[in-house]
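Please read the structure below before turning to the comments.
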Amino acid sequence: MAEQMQISRRTILAGAALAGALAPVLATTSAWGQGAVRKATAAEIAALPRQKVELVDPPFVHAHSQVAEGGPKVVEFTMVIEEKKIVIDDAGTEVHAMAFNGTVPGPLMVVHQDDYLELTLINPETNTLMHNIDFHAATGALGGGGLTEINPGEKTILRFKATKPGVFVYHCAPPGMVPWHVVSGMNGAIMVLPREGLHDGKGKALTYDKIYYVGEQDFYVPRDENGKYKKYEAPGDAYEDTVKVMRTLTPTHVVFNGAVGALTGDKAMTAAVGEKVLIVHSQANRDTRPHLIGGHGDYVWATGKFNTPPDVDQETWFIPGGAAGAAFYTFQQPGIYAYVNHNLIEAFELGAAAHFKVTGEWNDDLMTSVLAPSGT
């Protein structure tokens, strides 16, 4: 195990040197490409108001204003990286997760367009691997990955301007080991709201009563010669076997929020008839097809970009791997709604399913049982 970990460590650190060398090159190239775009000075950024936000565990999202109040500001977040064992199904299957803030997925961060997101990222000395973060919402230095490589016992602070409105993936991207870290749960999402809030593309404001974040995760768990899932003492011990499974491109589990059933039963998401709910859904690695059984997507940004007018009245929407999407729905009927990846094999056999538990009065005009199931 020690030798395996040393090999992994050397690979990571060798790649880190290359990525570190790339960062100033990328920064220089970015400066040439700015053209007439005005850059704020360090003094101007330092004078901006600051807001410190405490992140919450998914599927919940920290408190935020849907319409920006005042001008741009610096929004401060802190995330601590955890390497830990998690159980991903009822059979007790274990994975050595790599988790932003200890959750799979990592927390959803919300800012407004033209705000500055400032992240303090901490890699405790109790961890064994180098980590970093690549924000798909950011510009330059590999999404920040080239500036945030931290070994155990280190921290870094990254600030970037949120220039494009939408929902975006973030993930760990250590040189030479990006896929392994991503499929070990090290990904999450950020939402950059338009300063005026969401709109339907025709001038109508869209205001949600609740927001939930669903992070879809594919796991690749090795099996032993008897077909049983293997368990390992440390992340490095699992590396070679896990990569072999990864290369088949066939996940053993596809789950929402870290485990089979994580958002079902007494952990189901909740709403009431008439409530407007925004669902943010990310998949950092594979394509997915969200579908709300018994409902619809009234307004859907399938690729997650709010400058694009939303599609309306959708039954199923397609989110490409490495992206996040958003769907806005007003619940019309009470009961249990299943929210699934409509690759039904992945939903029913591998775990990509969640529930909404909705309260309120039934509307017979929308649906009624004319004849209950009975003998002919």
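Just so you know, glycine gets a Cβ as well, placed from its N, Cα and C.
The signal peptide feature in Swiss-Prot is assigned to 1-33; the stated evidence is experimental evidence.
Per Swiss-Prot, pyrrolidone carboxylic acid is recorded for Q34, and the stated evidence type is experimental evidence.
Swiss-Prot lists 34-211 with the feature domain 'Plastocyanin-like 1'.
Annotation source Swiss-Prot lists Cu cation 1 binding site at H131, C172, H181, M186. According to DSSP, M186 (Cu cation 1 binding site) is assigned to coil rather than to any helix or strand. Using a 10 Å radius centred on the Cβ of M186 (Cu cation 1 binding site) and all shown protein chains, the other Cβ atoms total 30.
If you draw a 10 Å sphere around the CB of H136 (Cu cation 2 binding site), it holds 21 other CB atoms from the protein chains shown. Per Swiss-Prot, Cu cation 2 binding site is recorded for H136, H171, H342.
Averaged across the domain 'Plastocyanin-like 2' (212-376), the predicted model reaches a pLDDT of 98. Swiss-Prot lists 212-376 with the feature domain 'Plastocyanin-like 2'.
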According to DSSP, does H171 (Cu cation 2 binding site) sit in a helix, a strand, or coil? strand
Mapped onto three states, the DSSP assignment of H181 (Cu cation 1 binding site) reads helix
Rounded distance in angstrom between the Cα atoms of H131 (Cu cation 1 binding site) and H171 (Cu cation 2 binding site): 10
Near the Cβ of C172 (Cu cation 1 binding site), how many other Cβ atoms are there if near means within 10 Å? 29
Determine which residues of the same chain, besides H131, C172, H181, M186, have their CB within 8 A of the center of the CB atoms at the recorded Cu cation 1 site, and list them by sequence. I81, M98, F100, L129, N132, I133, H171, A173, P174, V182, S184, N187
Between H171 (Cu cation 2 binding site) and M186 (Cu cation 1 binding site), the C-alpha gap once rounded to whole angstrom: 6
